[in-house]
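Below is one structure; the comments refer to it alone.
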Amino acid sequence: MNTVRVAFLLVFVLAVSLGQADKDENRMEMQEKTEQGKSYLDFAENLLLQKLEELEAKLLEEDSEESRNSRQKRCIGEGVPCDENDPRCCSGLVCLKPTLHGIWYKSYYCYKKRSA
């Protein structure tokens, strides 16, 4: 019976000592993995930042192309409100106060010139 106790005690001591070593080893492995995870996160963050900067540059480039190609309107069409002091009606149109149905509005509109 003593040999069984000694054998059991010996197995117990070995299990505890090896288990403790495994615990320390596991702790070190976890620290390494978290450090690697942080480096992966930093890498992913930098990659995402680069992609966002490229996208922003493309969007700004498209905006500048649109503004370069778009043409500002120089005249106002028929039936469109205009300013009495600064008429910008297109050729063949005159800025006049509306008659009849347009008297309710306090604005001038571009109308065709009347040939008299």
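Heads up, the Cβ atoms here are built off N, Cα and C, so glycines get one too.
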Original post:
Which candidate, CYS90, CYS95, does Swiss-Prot give as the disulfide partner of CYS75?
Top reply: CYS90
Original post:
Which one is closest to CYS75 (disulfide bond) in space, judged by CA to CA distance, out of the disulfide-bonded residues CYS89, CYS95, CYS110?
Top reply: CYS89
Original post:
Which state, by DSSP, holds CYS89 (disulfide bond): helix, strand or coil?
Top reply: strand
**OP:** Express the distance between the Cα positions of CYS95 (disulfide bond) and CYS89 (disulfide bond) as a whole number of Å.
**Re:** 7
**OP:** Write down the Cα-Cα distance for CYS82 (disulfide bond) and CYS89 (disulfide bond), rounded and given in Å.
**Re:** 7
**OP:** Count, for each of the disulfide-bonded residues CYS75, CYS82, CYS89, CYS95, CYS110, the other C-beta atoms lying within 10 angstroms of its own C-beta, and report the residue with the smallest count.
**Re:** CYS75
